[in-house]
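A short write-up of the structure that comes next.
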Amino acid sequence: MAAPLALVLVVAVTVRAALFRSSLAEFISERVEVVSPLSSWKRVVEGLALLDLGVSPYSGAVFHETPLIIYLFHFLIDYAELVFMITDALTAIALYFAIQDFNKVVFKKQKLLLELDQYAPDVAELIRTPMEMRYIPLKVALFYLLNPYTILSCVAKSTCAINNTLIAFFILTTIKGSVFLSAIFLALATYQSLYPITLFAPGLLYLLQRQYIPVKVKSKAFWIFSWEYAMMYTGSLVVIVCLSFFLLSSWDFIPAVYGFILSVPDLTPNIGLFWYFFAEMFEHFSLFFVCVFQINVFFYTVPLAIKLKEHPIFFMFIQIAIISIFKSYPTVGDVALYMAFFPVWSHLYRFLRNIFVLTCIIIVCSLLFPVLWHLWIYAGSANSNFFYAITLTFNVGQILLISDYFYAFLRREYYLTHGLYLTAKDGTEAMLVLK
């Protein structure tokens, strides 16, 4: 499989290199769908200019990236394009090896359950085969590297790509069972964009599963391991934050980065749900609604952890999708990360109810973003309502798509244990309903 992966990497790098050299690069870097006030490369360049002048990059209201990012590009500014191409390649490679290991775990678990007669007798067609799973890691790498969203994000030099890499390595180290490295990469991802803190729960659940520790409140081993992982994560995060302080000799980055993410002061239009509401809202209501909007990212973590405690990787996929939809400054690069996992759940396609319609909605919305932006900003024949309408449709499409995957996953799990052909008490065919 090394040769096909290498071929995909070569094609992906070639496409990116060609776009970097084209006249489209400047246009793409200005697109509000691709960059946000947090991830814009132009803002990074302005922060670097301030740093070179001996001024704190956070002294203005322009730069909102983390100190480690600005010091990384302080030394690599001349190789920025190469850095972003390597970043995308590393993300794809990490996902490739993560899913390769995950498939081995899934097949081993499936084999054990078959030997123990835990599956219903009529579900042979739902059982996954090694041949079916063989090319899934390659498809994941392909879905990530050649996804137009990922390519646009790379060409725009959006720092979202770096956050995706950190999350990908967190997933890889978690699936590999490396507790310490998992905690470090989760801390780095949290440091970079705050919201990945919600991935702590699925990461912990998977590591507990790998250590054969039952998820029970009365289990002493459960609490000891959870405490150890939490301390590794918290300790890593504290070290990274302190390192940032020593680099800058200031705590200015905390309100400039994390305060900015949470309070949403910059209402530049993007593909998220925040900007339009807060642009139209009275100032004295804003704090309440900021809390209401922000809680969406965190609110679903506990119920999902309870429902999916036996399936932490699917939980992780759902949580990454929730972050990309409900974060304050999303870009298409965030969407690309969870879309890369679609091949992993290819066995759910038969249970998806609206996949064609929802796929069409997302594609059409993606094409209409620049059209409605042009009509609003340049032609003056539309207003913000038009652009936000397509943004809202895009996000509703994502929510329904993820809900469809969630329903399909639960439906398949139910069929595996209760049988594929359900009957009611009167002998008629029964229909499975999600409540």
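In case you wondered, yes, glycine gets a Cβ from its N, Cα and C as well.
Swiss-Prot has this to say about the protein:
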- 4-22: transmembrane segment (TRANSMEM)
- 23-78: topological domain 'Lumenal' (TOPO_DOM)
- 79-99: transmembrane segment (TRANSMEM)
- 100-136: topological domain 'Cytoplasmic' (TOPO_DOM)
- 137-158: transmembrane segment (TRANSMEM)
- 159-178: transmembrane segment (TRANSMEM)
- 179-194: transmembrane segment (TRANSMEM)
- 195-205: transmembrane segment (TRANSMEM)
- 206-222: topological domain 'Cytoplasmic' (TOPO_DOM)
- LYS216, LYS309: cardiolipin binding site (BINDING)
- 223-244: transmembrane segment (TRANSMEM)
- 245-286: topological domain 'Lumenal' (TOPO_DOM)
- 287-306: transmembrane segment (TRANSMEM)
- 307-311: topological domain 'Cytoplasmic' (TOPO_DOM)
- 312-331: transmembrane segment (TRANSMEM)
- 332-345: transmembrane segment (TRANSMEM)
- 346-354: topological domain 'Cytoplasmic' (TOPO_DOM)
- 355-372: transmembrane segment (TRANSMEM)
- 373-384: topological domain 'Lumenal' (TOPO_DOM)
- 385-406: transmembrane segment (TRANSMEM)
- 407-435: topological domain 'Cytoplasmic' (TOPO_DOM)
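Cβ neighbours within 10 Å of LYS216 (cardiolipin binding site), excluding its own Cβ and spanning all shown chains: 10. Across the topological domain 'Lumenal' (245-286), DSSP classifies residues as 26 helix, 0 strand, 16 coil. Cβ neighbours of LYS309 (cardiolipin binding site) (same chain, under 8 Å, six or more residues apart in sequence): LEU205, VAL215, PHE315. Between the transmembrane segment (355-372) and the stretches 137-158, 312-331, 332-345, 385-406, the greatest number of Cβ pairs separated by less than 8 Å involves 385-406. Counting same-chain residues at least six beyond the ends of the transmembrane segment (385-406), those with a Cβ under 8 angstroms from any Cβ of the stretch are 269-273, 275-276, 317-318, 321-322, 324-325, 335, 338, 345, 348, 352-355, 358-359, 361-362, 365-366, 368-369, 372-373, 375-376. Highest Cβ pair count under 8 Å relative to the transmembrane segment (159-178), across stretches 79-99, 195-205, 332-345: 79-99. Counting residues of the topological domain 'Cytoplasmic' (307-311) by DSSP class, helix then strand then coil, yields 1 helix, 0 strand, 4 coil.
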